[in-house]
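Now, the feature entries from TrEMBL:
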ACT_SITE  275  active site, nucleophile
BINDING   11-16, 36, 41, 89-93, 130-131, 164, 275-278, 345  NAD(+) binding site
DOMAIN    331-455  domain 'UDP-glucose/GDP-mannose dehydrogenase C-terminal'
């Protein structure tokens with residue numbers, strides 16, 4: 001009988017945890033270990049309170065944990081025993097030094113590679129699973145081959161395409177699984193070994209095998225294209241407001257064109273999430289490094305429009321309220337970057353809240369999944385810091401006196417001059433807005449950053465409503481715009 005295949009994943013985060021849990025579930029004959037140096041994180045994975053919230057994740061983990069799925073801090077043991085090693089560590093944007101604000105920081109990647117070189121006694125297939133820039137695989141390969149002690153390493157790139165909130169579903173039924181490797185016979189053999197793992201549940205025609213660089217670039221390109229669609233529709237939303245068009249009608253009409261399709265055409269306060277901005281900055285940096293400034297500038301615009309959209313939203317709030325929000329209570333509905341996740345990485349809510357705080361507003365924030373600690377941390381951190389290890393982040397955040405976090409939307413809205421909807425949680429559609437209106441000083445404003453409430457109904461109650469990309473209330477038209 002063939003020996004049991006062992007997989008080890010370095011990094012127990014948003015990617016490693018769910019991916020390995022699903023591999024364990026779908027491949028009962030494979031032993032899967034997820035390792036991390038963070039004791040608290042591994043403890044959480046072994047408890048009833050998993051460190052991340054993802055619909056369906058609990059069931060998968062509970063079914064496999066202790067059978068063929070293990071979470072451990074014994075990094076060296078599991079690396080030494082594994083046949084296939086997934087590296088799923090963080091690749092944050094550099095905050096200082098060469099390429100600061102654009103280049104990926106490969107510190108954690110490199111230390112993982114050196115660890116593999118140190119403890120390996122048998123041939124390994126090393127799979128890069130983080131969103132890393134092109135040519136990481138080559139750097140890792142160099143480290144491993146220069147320290148090889150006669151061991152054969154094959155490097156594969158297997159970028160993840162998970163969307164938060166639907167990660168488990170995405171893993172069960174992926175659009176495609178991408179595996180990049182060397183064109184050598186050994187490289188092809190390694191590709192086949194990883195393909196065989198996924199083939200337990202993914203149809204053959206959905207597993208795409210390419211060379212290393214194609215796989216790595218495809219990941220950055222996919223995110224850049226998605227973000228570009230959002231920035232395109234957000235740019236149109238500004239024009240719609242200026243002309244009296246309705247962006248929902250425009251995007252519906254545009255999306256009916258089968259070549260374009262309807263997905264990712266919802267205008268909003270802006271895109272967020274841990275990857276879009278990071279991957280585009282990375283793409284920009286790679287273009288610059290390869291002497292392609294025109295291409296770099298093209299992709300930079302996608303981020304610029306996103307920043308513009310967030311600023312526009314803040315300006316709309318301030319200018320509607322007689323050009324000042326100083327000392328006024330404003331309710332923030334939703335802080336996560338999208339519904340059905342507790343994730344706040346790069347959420348547009350951060351910049352919107354900071355913009356309002358800058359004008360001395362008092363914020364009362366409600367989100368069904370995000371903790372007060374997380375919100376305080378996000379609002380007191382500098383750009384890009386969130387993605388670096390906790391011990392390098394500011395210690396217990398200076399809790400902002402102007403910010404309160406509450407667990408009830410009605411409490412958040414009580415006595416507020418306006419409310420901003422920043423995440424499209426379903427529950428916001430069904431709140432009793434009459435009750436909310438009755439407990440607010442007048443004029444009472446709703447600024448819908450996700451276009452989920454019915455502006456007509458709210459206006460009938462008495463609200464002054466701003467929806468992104470929709471014809472403006474006469475009130476908003478009369479207000480002087482903030483320069």
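Glycine too: its Cβ is placed from the backbone N, Cα and C atoms.
TrEMBL does not curate its annotations; it predicts them automatically.
Sequence features, as recorded in TrEMBL, placed on the structure.
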residue: 11; record: NAD(+) binding site; CB count, 10 Å: 25
residue: 14; record: NAD(+) binding site; CB count, 10 Å: 22
residue: 36; record: NAD(+) binding site; CB count, 10 Å: 23
residue: 90; record: NAD(+) binding site; CB count, 10 Å: 21
residue: 93; record: NAD(+) binding site; CB count, 10 Å: 22
residue: 164; record: NAD(+) binding site; CB count, 10 Å: 23
residue: 275; record: active site, nucleophile; CB count, 10 Å: 24
residue: 277; record: NAD(+) binding site; CB count, 10 Å: 22
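Note on the domain 'UDP-glucose/GDP-mannose dehydrogenase C-terminal' (331-455): its mean pLDDT in the predicted model is 90. Helix, strand and coil residue tallies for the domain 'UDP-glucose/GDP-mannose dehydrogenase C-terminal' (331-455), in that order: 42 helix, 19 strand, 64 coil [DSSP]. Residue 275 (active site, nucleophile) and residue 11 (NAD(+) binding site) are 17 Å apart (CA-CA, integer value).
Residue 275 (active site, nucleophile) is 12 Å away from residue 14 (NAD(+) binding site) when you measure Cα to Cα. Rounded to a whole number, the distance between the Cα atoms of residue 36 (NAD(+) binding site) and residue 275 (active site, nucleophile) is 21 Å.
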